Amino acid sequence: MLQQFTLLFLYLSIASAKTITGVFDSFNSLTWSNAANYAFKGPGYPTWNAVLGWSLDGTSANPGDTFTLNMPCVFKYTTSQTSVDLTADGVKYATCQFYSGEEFTTFSTLTCTVNDALKSSIKAFGTVTLPIAFNVGGTGSSTDLEDSKCFTAGTNTVTFNDGDKDISIDVEFEKSTVDPSAYLYASRVMPSLNKVTTLFVAPQCENGYTSGTMGFSSSNGDVAIDCSNIHIGITKGLNDWNYPVSSESFSYTKTCTSNGIQIKYQNVPAGYRPFIDAYISATDVNQYTLAYTNDYTCAGSRSQSKPFTLRWTGYKNSDAGSNGIVIVATTRTVTDSTTAVTTLPFNPSVDKTKTIEILQPIPTTTITTSYVGVTTSYSTKTAPIGETATVIVDVPYHTTTTVTSEWTGTITTTTTRTNPTDSIDTVVVQVPSPNPTVSTTEYWSQSFATTTTVTAPPGGTDTVIIREPPNHTVTTTEYWSQSFATTTTVTAPPGGTDSVIIREPPNPTVTTTEYWSQSFATTTTVTAPPGGTDSVIIREPPNPTVTTTEYWSQSYATTTTVTAPPGGTDSVIIREPPNHTVTTTEYWSQSYATTTTVTAPPGGTDTVIIREPPNHTVTTTEYWSQSFATTTTVTGPPSGTDTVIIREPPNPTVTTTEYWSQSYATTTTITAPPGETDTVLIREPPNHTVTTTEYWSQSYATTTTVTAPPGETDTVLIREPPNHTVTTTEYWSQSYATTTTVTAPPGGTDTVIIREPPNPTVTTTEYWSQSFATTTTVTAPPGGTDTVIIYESMSSSKISTSSNDITSIIPSFSRPHYVNSTTSDLSTFESSSMNTPTSISSDGMLLSSTTLVTESETTTESICSDGKECSRLSSSSGIVTNPDSNESSIVTSTVPTASTMSDSLSSTDGISATSSDNVSKSGVSVTTETSVTTIQTTPNPLSSSVTSLTQLSSIPSVSESESKVTFTSNGDNQSGTHDSQSTSTEIEIVTTSSTKVLPPVVSSNTDLTSEPTNTREQPTTLSTTSNSITEDITTSQPTGDNGDNTSSTNPVPTVATSTLASASEEDNKSGSHESASTSLKPSMGENSGLTTSTEIEATTTSPTEAPSPAVSSGTDVTTEPTDTREQPTTLSTTSKTNSESVATTQATNENGGKSPSTDLTSSLTTGTSASTSANSELVTSGSVTGGAVASASNDQSHSTSVTNSNSIVSNTPQTTLSQQVTSSSPSTNTFIASTYDGSGSIIQHSTWLYGLITLLSLFI
């Protein structure tokens, strides 16, 4: 019972809901807010805010009632909301749904439903704000073409309606500021589809177009073109906002993919402009980019190609809102004939509720009746207060009679003639006179039948063509008693089945027994094809069966039978997929939608029933092949729009050919509106495509499709920017170099592989302070020389050396490294005395005292690359001893002059590579000139007889060495095509020293005679203290800003070094000191910022005793007895060195011009002067004896027996690691000899190793 009452109440509620009108009663304002920086106040640009007044009276409106506001020429609501409430004093009295017209209808609607809050005693009113955008065109659709004529620039009247209630307001619309003769473009967002409509109109050609290509595409993959929703046409005019107001067909060729659409057209008449629009889907409809193709040739003009790219952004939505006050009405019935209204006191600034007392007359009920007649009559039945009076309205209606006649026209017409004096109207129907008909039946290749009526003009003969598919054929094979076969065909009428009867002789037979599902047994004979074997199948009743049905995850059903032995029970397992669902949508009379699901058994189909309220209706007129008109209604999806299709007689035809994705050709006719021209669209299968990829000079890729005529081959031309190139240099086993380029796919990186033959190798042995040996290989660039550095541990062996023969190395390394080297000399003194007997035919003894000196030299090198990581390398070497009587001579070969020059190209990653033509160069050019005079020493003169002391004075005692090093740096032009001028740094080192050489050895067959000699041995002391000179040379290059040559600065610093020392017999350990300074002060140019100062202080004290001469081979020497006291000899050397830093700055031009160089030339001259005194005789060869004082100046040719103990280490950047530079400079305790190994490589040896090799060679 309760359920029945509930259903009854629901039915009554639905039945009582009605449509009301006039709720929206005023158009208060219409203002524009710029939602996206638009250039002008156009009607189509968001957001137009419409403020409307509304009122709801509870006496005439009930909950559930509906009312609708129609808004012509409104495209959409520019808000993310889907509804707005009509609110007064915070109470929602109605809810309104937004329905945007967009591309579907020429208007938008606001459909509202009254809420339960509205009572019969309440009258609510207020305002609602609606954010909207108007439709003034934008595509070639029929909706946009109609709305393109809604408004004009200037003052317009906007009118909305609620039923029969119109509300209006005047508004000012601004005209577009875009030049209408240029190319035009537009985009609009359709929120309901989340798509965008995009329009492109070709530039204006006053005399028409000869040809052109237009379209748009996206290469980013964030935009997809909807090829099923496009409009292509030519328009004869534009409205004030540059949108087409008409669309006509023309001949073109279309190409459309999801990435873009393009058309090619020809011969467009004067006064028309081609346009194209399409729906596009974007990853973000508020931000996307399109590239437009814009090629056209105006009649009588040259071809134009003006492509462009646009980045589209969205607008900001607005919100809808409502507010108002509440009126409470009280009603009192009176006997008056009219209604009176009394309003109680009300303050609108304080009160939210207004109370109105309504004095109304006795209510009446109207009963409407009808009758066949002409006039309307009224009658009233009165009633007292508290009851209801009745008004009876009798409304006449007319009956009709239909008269049908034939006429000569081609369509049927219907005319109703209303009789003003009688109740019978006449309907006149005129139909075309029918033609006679001829029917033709024929067969065709399709599988279905068609009937086509070809209508002739009035008075002619219509033809009905019936096309039938071929008859089906049934073949029957039977056996007969004959031994041969026959075939008979029985032909049936069209639409029937032909029979083919084959008669065969009988086959042999095989019998099979099986089970089946029936409860009885059968025997079946299966006849095989002629010549085969027939089968006799005996079927037995089956076992009882148990069937199980279950669901599984697959999309198909299976049945599995598990057969039990005879007498058992078989199992049938049925596996079913989940049921399919069929959705049925239907319409009903309610204003809301419902969804009901009806579940079917397994294997069936579930049904979802969706009930929707009725759709809006759009009427479309089209043409067809008949000579008469018809009307068809196409029902759209729920909430969509139903379409009423009116078919009209055909229009003239224009044929257009285009390509599509199928392999066959089709012809489609596009029917234009009545009186216009239909389009026949011929779709051809796509041509074969040949794709060609080539590189060009631009930095972006393009794809161009050259479309050939149907049946030929299209060409796709892909232009790619050149790939980046990575060059790799490697070594291989061949003796020649090769260069191979590996080309990567477009967008990749090409690889240039340079294969070089292996470099020659130079091996250098050095000594360091560690207890183990290591080997390090420094690989030079191709064409250079690799260096193998062997670090050996220090040895305690006593090796003969001459302290006056020293060689230092200017280390080599490759730019852009920066090297800091420090050389430390730590001397350790070990003294021992030896008495060596010498047979001189006398009983006297000549004794020799030897002081052994051991020196340890430690070198620390710090290498930093581009200011990043730094590495430190330390090494120490050097053991110096004075040879005894058993040690042999050390002979050094004269080293010829060595000159080495190289250039290097410094790449961005710090790798040095040999430069080639047309490549900017930078680097250091090093030229070394070295000459060394042979030094020959002999064993201790005390170990053999001496024939004559006077021979000693004639022995040469000068060893000279000169070294000149020149560094030249080519400029670095970073972005130009020309070499920069060079920077040259020239350092000249001139060293003069004198060396006392022992006399020659007396050969073994010499007869020596000597008088007895008494000798007193005196101690000999050698003391050495040495510091180091560290020279840093840094090259950099200033930068020019604009590619022009930077002015050069040529500071020419000069470095001069001099050393003055003196010594006396009384003070053998500390001599007098004078300091000499070296300064480097370049002249200051425009770009110069370099000042370098170097001070070198050296003090040398070198008392030296000249030894006795030795008797040469084959000489008879006689000497008188001599009493000789050997004087103590002390050699003391002190050297102090400061650091020298030379910096060269070279200009760099950032933008491609030449940069003049900065030329920095340094000249370093080192000289040695000394004075010595000793208690010995003066020797004319340049040694100091006998208390006389001899001095030496900075003259290379002058020699003294003074040892210069300066040690210079030059840190100079060089171009290649393979470059070995050897120069001679003074050093006290270190001797490094350089020899050639026969192949051009230089082998460097430390002093003690060279001495050891020489000593071993004497014994061998």
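Cβ atoms are placed via backbone N, Cα and C, with glycine included.
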Checklist entry - To which of the residue ranges 867-895, 896-924 does Swiss-Prot assign the term region 'Disordered'? => result 896-924
Item to check | Using Cα positions only, nearest of the glycosylation sites to ASN615 (N-linked glycosylation site) (ASN471, ASN579, ASN687, ASN723) | outcome: ASN579
Item to check | Nonlocal neighbours by CB distance (under 8 Å) for ASN723 (N-linked glycosylation site), same chain, sequence gap 6 or more | outcome: TYR695, THR743, ALA744, PRO746, GLY747, GLY748, THR749, ASP750
Checklist entry - According to DSSP, does ASN687 (N-linked glycosylation site) fall in a helix, a strand, or coil? => result coil
Next on the checklist: For the repeat '1-3' (505-540), how many residues does DSSP put in helix, in strand and in coil?
Outcome noted: 0 helix, 19 strand, 17 coil
Next on the checklist: Considering every residue in the repeat '1-10' (757-792), what is the mean pLDDT value?
Outcome noted: 90
Checklist outcome for this item: CB contacts under 8 angstroms to ASN579 (N-linked glycosylation site), restricted to the same chain and 6+ apart in sequence, sorted by sequence, are THR599, ALA600, PRO602, GLY603, GLY604, THR605, ASP606
Checklist entry - What is the number of other Cβ atoms found within 10 Å of the Cβ of ASN687 (N-linked glycosylation site)? => result 16
Checklist entry - Does anything in the same chain, at least 6 positions from ASN471 (N-linked glycosylation site), have a Cβ under 8 Å from its Cβ, and if so what? => result THR491, ALA492, PRO494, GLY495, GLY496, THR497, ASP498
Checklist outcome for this item: Counting across all protein chains, other CB atoms within 10 angstroms of the CB of ASN615 (N-linked glycosylation site) number 16
